[in-house]
(Lines of atoms letter the chains of each structure in order from A and count residues from 1; the text may use other names and numbers.)
(Lines give C-alpha, C1' and ligand atoms only; values in the text may rest on other atoms or scores of the structure.)
Protein backbone atom coordinates (compact mmCIF):
# COMPACT_ATOMS: atom_id res chain seq x y z
CA UNK A 1 0.00 0.00 0.00
CA UNK A 2 1.26 3.48 -0.88
CA UNK A 3 1.96 5.70 2.11
CA UNK A 4 1.15 9.39 2.50
CA UNK A 5 2.37 11.70 5.25
CA UNK A 6 0.25 14.82 5.69
CA UNK A 7 1.27 17.81 7.80
CA UNK A 8 -1.77 19.59 9.22
CA UNK A 9 -4.71 17.57 10.57
CA UNK A 10 -7.11 20.50 10.65
CA UNK A 11 -10.43 20.62 8.79
CA UNK A 12 -8.84 20.90 5.32
CA UNK A 13 -6.29 18.19 6.10
CA UNK A 14 -8.95 15.75 7.28
CA UNK A 15 -11.89 16.85 5.14
CA UNK A 16 -10.11 17.25 1.81
CA UNK A 17 -6.51 16.05 1.42
CA UNK A 18 -6.54 13.15 3.88
CA UNK A 19 -10.03 12.13 2.75
CA UNK A 20 -9.04 12.00 -0.92
CA UNK A 21 -5.73 10.21 -0.28
CA UNK A 22 -7.48 7.60 1.87
CA UNK A 23 -10.17 7.16 -0.78
CA UNK A 24 -7.40 6.64 -3.35
CA UNK A 25 -5.91 3.75 -1.36
CA UNK A 26 -3.11 5.52 0.50
CA UNK A 27 -2.26 4.70 4.09
CA UNK A 28 -2.48 8.18 5.62
CA UNK A 29 -0.49 9.42 8.62
CA UNK A 30 -1.27 12.93 9.86
CA UNK A 31 1.24 15.15 11.64
CA UNK A 32 -0.13 17.96 13.78
CA UNK A 33 0.78 20.26 16.65
CA UNK A 34 -2.55 19.69 18.43
CA UNK A 35 -2.27 16.89 20.98
CA UNK A 36 -6.06 16.68 21.17
CA UNK A 37 -6.47 16.06 17.42
CA UNK A 38 -3.56 13.58 17.32
CA UNK A 39 -4.90 11.65 20.34
CA UNK A 40 -8.43 11.48 18.91
CA UNK A 41 -7.27 10.26 15.50
CA UNK A 42 -5.19 7.55 17.18
CA UNK A 43 -7.98 6.62 19.59
CA UNK A 44 -10.61 6.03 16.91
CA UNK A 45 -8.33 5.34 13.89
CA UNK A 46 -11.10 6.76 11.71
CA UNK A 47 -13.37 9.77 11.24
CA UNK A 48 -16.44 10.76 9.24
CA UNK A 49 -16.59 13.31 6.45
CA UNK A 50 -20.07 14.84 6.31
CA UNK A 51 -20.87 16.16 2.83
CA UNK A 52 -23.20 19.15 3.08
CA UNK A 53 -25.77 18.64 0.32
CA UNK A 54 -29.39 17.57 -0.02
CA UNK A 55 -29.63 14.92 1.36
CA UNK A 56 -26.55 15.11 3.59
CA UNK A 57 -24.09 12.24 2.99
CA UNK A 58 -21.48 10.71 5.26
CA UNK A 59 -18.26 8.94 4.25
CA UNK A 60 -15.98 7.10 6.66
CA UNK A 61 -12.21 7.58 6.47
CA UNK A 62 -10.68 4.44 7.98
CA UNK A 63 -7.30 3.18 9.14
CA UNK A 64 -5.67 6.56 9.67
CA UNK A 65 -3.14 7.47 12.33
CA UNK A 66 -1.44 10.61 13.59
CA UNK A 67 1.82 11.83 15.10
CA UNK A 68 2.56 14.93 17.13
CA UNK A 69 4.90 17.33 15.34
CA UNK A 70 7.40 17.09 18.20
CA UNK A 71 7.63 13.28 17.99
CA UNK A 72 10.70 13.81 15.81
CA UNK A 73 11.88 10.19 15.60
CA UNK A 74 8.45 8.82 14.71
CA UNK A 75 7.80 11.57 12.16
CA UNK A 76 11.20 10.87 10.59
CA UNK A 77 10.45 7.13 10.37
CA UNK A 78 7.12 7.88 8.66
CA UNK A 79 8.85 10.32 6.30
CA UNK A 80 11.47 7.73 5.33
CA UNK A 81 8.72 5.31 4.26
CA UNK A 82 6.39 7.82 2.59
CA UNK A 83 5.59 7.81 -1.13
CA UNK A 84 4.07 11.29 -0.86
CA UNK A 85 4.19 14.20 1.57
CA UNK A 86 1.50 16.89 1.62
CA UNK A 87 0.79 19.95 3.76
CA UNK A 88 -2.18 22.09 4.74
CA UNK A 89 -0.61 24.12 7.53
CA UNK A 90 -1.15 27.69 6.32
CA UNK A 91 1.32 29.65 4.23
CA UNK A 92 2.86 31.36 7.26
CA UNK A 93 3.98 27.98 8.62
CA UNK A 94 5.64 26.70 5.43
CA UNK A 95 9.07 28.04 6.34
CA UNK A 96 9.22 26.15 9.64
CA UNK A 97 7.85 22.96 8.02
CA UNK A 98 10.45 23.39 5.25
CA UNK A 99 13.20 23.44 7.87
CA UNK A 100 11.97 20.11 9.23
CA UNK A 101 11.63 18.61 5.75
CA UNK A 102 15.24 19.56 5.02
CA UNK A 103 16.40 17.40 7.95
CA UNK A 104 14.14 14.52 6.97
CA UNK A 105 15.26 14.66 3.33
CA UNK A 106 18.93 14.50 4.34
CA UNK A 107 18.19 11.34 6.31
CA UNK A 108 16.13 9.89 3.45
CA UNK A 109 18.95 10.56 0.98
CA UNK A 110 21.09 8.05 2.90
CA UNK A 111 18.39 5.43 3.48
CA UNK A 112 15.76 5.35 0.73
CA UNK A 113 16.23 5.53 -3.03
CA UNK A 114 12.49 5.68 -3.77
CA UNK A 115 11.27 8.87 -5.45
CA UNK A 116 9.14 11.18 -3.32
CA UNK A 117 6.68 13.96 -4.12
CA UNK A 118 6.13 16.84 -1.71
CA UNK A 119 3.14 19.14 -2.24
CA UNK A 120 1.99 22.21 -0.33
CA UNK A 121 -1.81 22.25 -0.56
CA UNK A 122 -2.35 25.83 0.57
CA UNK A 123 -4.45 28.84 -0.44
CA UNK A 124 -1.57 30.68 -2.09
CA UNK A 125 0.24 31.10 -5.39
CA UNK A 126 2.97 28.46 -5.89
CA UNK A 127 3.17 27.44 -2.24
CA UNK A 128 5.28 24.34 -2.99
CA UNK A 129 7.96 26.61 -4.48
CA UNK A 130 8.08 28.42 -1.12
CA UNK A 131 8.58 25.08 0.61
CA UNK A 132 11.32 24.01 -1.81
CA UNK A 133 13.17 27.33 -1.46
CA UNK A 134 13.37 26.75 2.30
CA UNK A 135 14.64 23.20 1.77
CA UNK A 136 17.41 24.14 -0.70
CA UNK A 137 18.51 27.33 1.07
CA UNK A 138 22.30 27.34 1.66
CA UNK A 139 22.61 23.68 0.64
CA UNK A 140 25.47 21.99 -1.21
CA UNK A 141 25.39 20.71 -4.79
CA UNK A 142 25.26 17.05 -3.72
CA UNK A 143 22.01 17.52 -1.78
CA UNK A 144 20.43 19.63 -4.53
CA UNK A 145 21.38 17.01 -7.14
CA UNK A 146 19.64 14.37 -4.99
CA UNK A 147 16.52 16.54 -4.79
CA UNK A 148 16.52 17.14 -8.53
CA UNK A 149 16.74 13.41 -9.22
CA UNK A 150 14.51 11.92 -6.55
CA UNK A 151 12.21 14.52 -5.02
CA UNK A 152 9.35 16.21 -6.85
CA UNK A 153 7.98 19.54 -5.64
CA UNK A 154 4.85 20.02 -7.79
CA UNK A 155 2.75 23.09 -7.10
CA UNK A 156 -0.95 22.55 -6.58
CA UNK A 157 -4.26 24.38 -6.77
CA UNK A 158 -6.72 23.06 -4.18
CA UNK A 159 -10.33 23.99 -3.69
CA UNK A 160 -12.94 22.76 -1.23
CA UNK A 161 -14.92 24.85 1.22
CA UNK A 162 -14.58 23.36 4.70
CA UNK A 163 -16.71 25.62 6.91
CA UNK A 164 -16.67 25.78 10.71
CA UNK A 165 -20.28 24.58 10.77
CA UNK A 166 -21.88 22.88 13.78
CA UNK A 167 -22.61 19.28 12.92
CA UNK A 168 -23.84 16.24 14.80
CA UNK A 169 -20.46 14.60 15.37
CA UNK A 170 -20.20 10.92 16.20
CA UNK A 171 -16.45 11.34 16.68
CA UNK A 172 -14.58 14.47 17.85
CA UNK A 173 -12.55 14.55 14.61
CA UNK A 174 -15.52 14.34 12.24
CA UNK A 175 -15.53 17.16 9.69
CA UNK A 176 -18.10 18.76 7.37
CA UNK A 177 -17.30 19.76 3.78
CA UNK A 178 -19.07 20.95 0.65
CA UNK A 179 -19.57 18.39 -2.12
CA UNK A 180 -17.42 20.20 -4.70
CA UNK A 181 -13.65 19.80 -4.75
CA UNK A 182 -10.79 20.48 -7.15
CA UNK A 183 -7.13 19.48 -6.87
CA UNK A 184 -4.83 20.39 -9.78
CA UNK A 185 -1.16 19.32 -9.79
CA UNK A 186 1.81 20.37 -11.95
CA UNK A 187 2.45 17.32 -14.11
CA UNK A 188 6.04 18.03 -15.14
CA UNK A 189 7.40 18.22 -11.57
CA UNK A 190 6.13 14.84 -10.38
CA UNK A 191 8.84 12.24 -9.62
CA UNK A 192 6.82 9.36 -8.19
CA UNK A 193 3.71 7.46 -9.16
CA UNK A 194 0.83 9.66 -8.01
CA UNK A 195 -2.47 7.81 -7.91
CA UNK A 196 -5.02 10.22 -6.48
CA UNK A 197 -8.69 9.93 -7.37
CA UNK A 198 -10.25 13.05 -8.86
CA UNK A 199 -6.97 14.94 -9.33
CA UNK A 200 -6.19 16.77 -12.57
CA UNK A 201 -2.57 16.79 -13.75
CA UNK A 202 -1.85 19.95 -15.76
CA UNK A 203 1.05 21.30 -17.82
CA UNK A 204 0.72 24.93 -16.71
CA UNK A 205 -0.73 25.41 -13.26
CA UNK A 206 -0.68 29.20 -13.10
CA UNK A 207 -4.03 29.80 -14.86
CA UNK A 208 -5.68 27.28 -12.52
CA UNK A 209 -4.16 28.84 -9.39
CA UNK A 210 -5.09 32.36 -10.42
CA UNK A 211 -8.58 31.36 -11.54
CA UNK A 212 -9.21 29.81 -8.13
CA UNK A 213 -7.46 32.45 -6.04
CA UNK A 214 -9.11 35.37 -7.85
CA UNK A 215 -12.56 34.08 -8.88
CA UNK A 216 -13.24 31.91 -5.83
CA UNK A 217 -11.14 33.20 -2.91
CA UNK A 218 -11.38 36.83 -4.05
CA UNK A 219 -15.13 36.57 -4.52
CA UNK A 220 -15.48 34.73 -1.19
CA UNK A 221 -13.58 37.49 0.66
CA UNK A 222 -15.59 40.20 -1.12
CA UNK A 223 -18.86 38.50 -0.14
CA UNK A 224 -17.64 38.17 3.45
CA UNK A 225 -16.47 41.77 3.84
CA UNK A 226 -19.56 43.30 2.25
CA UNK A 227 -21.78 40.86 4.15
CA UNK A 228 -20.10 41.84 7.41
CA UNK A 229 -20.74 45.53 6.72
CA UNK A 230 -24.42 44.78 5.94
CA UNK A 231 -24.84 42.80 9.17
CA UNK A 232 -25.18 39.29 7.72
CA UNK A 233 -23.95 36.27 9.66
CA UNK A 234 -23.48 33.76 6.84
CA UNK A 235 -22.12 33.78 3.29
CA UNK A 236 -25.32 32.26 1.87
CA UNK A 237 -27.30 35.18 3.32
CA UNK A 238 -24.86 37.80 2.01
CA UNK A 239 -24.77 36.47 -1.56
CA UNK A 240 -28.59 36.71 -1.77
CA UNK A 241 -28.36 40.48 -1.16
CA UNK A 242 -28.84 42.03 -4.61
CA UNK A 243 -26.23 44.76 -4.06
CA UNK A 244 -23.57 42.36 -2.80
CA UNK A 245 -24.33 39.85 -5.54
CA UNK A 246 -24.00 42.56 -8.22
CA UNK A 247 -20.60 43.63 -6.87
CA UNK A 248 -19.32 40.04 -6.59
CA UNK A 249 -20.48 39.15 -10.11
CA UNK A 250 -19.07 42.43 -11.41
CA UNK A 251 -15.64 41.79 -9.91
CA UNK A 252 -15.69 38.23 -11.30
CA UNK A 253 -16.41 39.63 -14.76
CA UNK A 254 -13.55 42.15 -14.49
CA UNK A 255 -11.17 39.40 -13.39
CA UNK A 256 -12.40 36.92 -16.04
CA UNK A 257 -11.75 39.52 -18.74
CA UNK A 258 -8.24 40.10 -17.37
CA UNK A 259 -7.44 36.38 -17.09
CA UNK A 260 -8.73 35.70 -20.61
CA UNK A 261 -6.39 38.39 -21.95
CA UNK A 262 -3.41 37.21 -19.95
CA UNK A 263 -3.69 33.50 -20.81
CA UNK A 264 -5.65 33.65 -24.07
CA UNK A 265 -8.37 31.58 -22.39
CA UNK A 266 -12.02 31.63 -23.37
CA UNK A 267 -13.77 34.20 -21.15
CA UNK A 268 -17.04 32.26 -21.28
CA UNK A 269 -15.44 29.23 -19.61
CA UNK A 270 -14.09 31.49 -16.85
CA UNK A 271 -17.52 33.03 -16.35
CA UNK A 272 -19.07 29.55 -16.19
CA UNK A 273 -16.58 28.71 -13.42
CA UNK A 274 -17.48 31.99 -11.68
CA UNK A 275 -21.19 31.15 -11.87
CA UNK A 276 -20.52 27.76 -10.23
CA UNK A 277 -18.70 29.61 -7.45
CA UNK A 278 -21.78 31.77 -6.78
CA UNK A 279 -23.95 28.63 -6.58
CA UNK A 280 -21.53 27.16 -4.03
CA UNK A 281 -21.80 30.31 -1.91
CA UNK A 282 -25.61 29.92 -1.95
CA UNK A 283 -25.47 26.52 -0.20
CA UNK A 284 -27.32 27.07 3.11
CA UNK A 285 -25.98 23.81 4.57
CA UNK A 286 -22.46 25.28 4.74
CA UNK A 287 -23.49 27.82 7.43
CA UNK A 288 -20.22 29.59 6.56
CA UNK A 289 -19.77 32.66 8.78
CA UNK A 290 -18.62 35.90 7.16
CA UNK A 291 -16.20 36.42 10.06
CA UNK A 292 -14.51 33.08 9.28
CA UNK A 293 -14.17 33.83 5.56
CA UNK A 294 -13.00 37.39 6.22
CA UNK A 295 -10.46 36.52 8.92
CA UNK A 296 -6.82 37.63 8.65
CA UNK A 297 -7.54 40.67 6.43
CA UNK A 298 -3.90 41.82 6.41
CA UNK A 299 -2.98 38.57 4.67
CA UNK A 300 -5.99 38.65 2.35
CA UNK A 301 -5.27 42.25 1.34
CA UNK A 302 -1.54 41.67 0.84
CA UNK A 303 0.23 42.30 -2.46
CA UNK A 304 0.00 38.84 -4.05
CA UNK A 305 -3.20 37.58 -2.49
CA UNK A 306 -6.82 37.22 -3.63
CA UNK A 307 -7.84 40.87 -4.06
CA UNK A 308 -4.75 42.98 -4.73
CA UNK A 309 -3.15 40.54 -7.21
CA UNK A 310 -6.22 40.54 -9.53
CA UNK A 311 -6.54 44.31 -9.13
CA UNK A 312 -2.96 44.71 -10.37
CA UNK A 313 -3.62 42.25 -13.20
CA UNK A 314 -6.64 44.27 -14.37
CA UNK A 315 -4.52 47.39 -14.38
CA UNK A 316 -1.67 45.66 -16.26
CA UNK A 317 -3.88 44.39 -19.10
CA UNK A 318 -5.74 47.67 -19.57
CA UNK A 319 -8.99 46.98 -17.73
CA UNK A 320 -10.29 49.79 -15.54
CA UNK A 321 -11.33 48.09 -12.30
CA UNK A 322 -14.48 49.12 -10.49
CA UNK A 323 -16.27 46.33 -8.62
CA UNK A 324 -13.09 44.72 -7.29
CA UNK A 325 -12.29 48.01 -5.56
CA UNK A 326 -15.42 47.65 -3.41
CA UNK A 327 -14.20 44.29 -2.10
CA UNK A 328 -10.87 45.85 -1.13
CA UNK A 329 -12.53 48.88 0.48
CA UNK A 330 -14.91 46.61 2.41
CA UNK A 331 -11.94 44.54 3.56
CA UNK A 332 -10.32 47.69 4.95
CA UNK A 333 -13.52 48.30 6.96
CA UNK A 334 -13.56 44.76 8.44
CA UNK A 335 -13.26 45.64 12.14
CA UNK A 336 -14.17 42.30 13.77
CA UNK A 337 -12.75 42.62 17.27
CA UNK A 338 -12.01 38.89 17.67
CA UNK A 339 -9.56 39.00 14.75
CA UNK A 340 -6.07 40.24 15.69
CA UNK A 341 -5.28 41.27 12.11
CA UNK A 342 -8.52 43.25 11.83
CA UNK A 343 -7.61 45.09 15.04
CA UNK A 344 -4.10 45.77 13.71
CA UNK A 345 -5.54 47.04 10.43
CA UNK A 346 -7.76 49.54 12.27
CA UNK A 347 -4.66 50.76 14.10
CA UNK A 348 -2.88 51.31 10.76
CA UNK A 349 -5.79 53.38 9.43
CA UNK A 350 -5.99 55.45 12.61
CA UNK A 351 -2.22 55.94 12.74
CA UNK A 352 -1.46 56.63 9.07
CA UNK A 353 -4.74 57.68 7.46
CA UNK A 354 -6.38 55.56 4.77
CA UNK A 355 -4.01 56.19 1.81
CA UNK A 356 -0.82 55.44 3.72
CA UNK A 357 -2.51 52.46 5.42
CA UNK A 358 -3.45 51.05 2.00
CA UNK A 359 0.18 51.44 0.93
CA UNK A 360 1.45 49.63 4.06
CA UNK A 361 -1.11 46.81 3.82
CA UNK A 362 -1.21 46.22 0.05
CA UNK A 363 2.13 47.49 -1.24
CA UNK A 364 0.35 49.75 -3.76
CA UNK A 365 1.94 53.16 -4.33
CA UNK A 366 0.37 55.68 -1.96
CA UNK A 367 -0.17 58.36 -4.63
CA UNK A 368 -1.31 55.96 -7.37
CA UNK A 369 -4.67 56.16 -9.15
CA UNK A 370 -5.59 52.72 -7.75
CA UNK A 371 -5.13 53.86 -4.15
CA UNK A 372 -7.14 56.99 -4.86
CA UNK A 373 -10.00 54.84 -6.23
CA UNK A 374 -9.82 52.51 -3.20
CA UNK A 375 -9.96 55.56 -0.92
CA UNK A 376 -13.11 56.83 -2.70
CA UNK A 377 -14.91 53.51 -2.24
CA UNK A 378 -13.69 53.24 1.35
CA UNK A 379 -15.38 56.52 2.26
CA UNK A 380 -18.43 55.66 0.14
CA UNK A 381 -18.95 52.41 2.08
CA UNK A 382 -18.04 54.00 5.40
CA UNK A 383 -20.61 56.74 4.78
CA UNK A 384 -23.33 54.12 4.43
CA UNK A 385 -22.48 52.75 7.87
CA UNK A 386 -22.97 56.07 9.66
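Backbone N, Cα and C atoms are what each Cβ position is placed from, and that goes for glycine too.
Residues annotated as NAD(+) binding site in Swiss-Prot, with sequence analysis given as evidence: 4, 5, 6, 7, 8, 9, 10, 11, 12, 13, 14, 15.
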Legend entry - Cβ neighbour count within 10 Å of residue 10 (NAD(+) binding site): 17
Legend entry - Protein Cβ atoms within 10 Å of residue 4 (NAD(+) binding site), excluding its own: 26
Inset, instruction - Would you mind listing, in sequence order, the residues at least six apart from residue 8 (NAD(+) binding site) in the same chain with a Cβ closer than 8 Å to its Cβ? - result: 30, 31, 32, 87, 88, 89, 90
Legend entry - Listed in sequence order, residues with CB under 8 A of residue 12 (NAD(+) binding site) and six or more positions away: 88, 121, 158, 160, 162
Legend entry - For residue 10 (NAD(+) binding site), the three-state class that DSSP assigns: coil
Legend entry - Spatial neighbours, same chain, of residue 6 (NAD(+) binding site) - Cβ under 8 Å, 6+ residues apart: 13, 17, 18, 21, 28, 29, 30, 31, 85, 86, 87, 88
Inset, instruction - Enumerate same-chain residues with a sequence separation of six or more from residue 14 (NAD(+) binding site) and a Cβ-Cβ distance below 8 A; give 'none' if the list is empty. - result: 30, 47, 49, 61, 173, 175
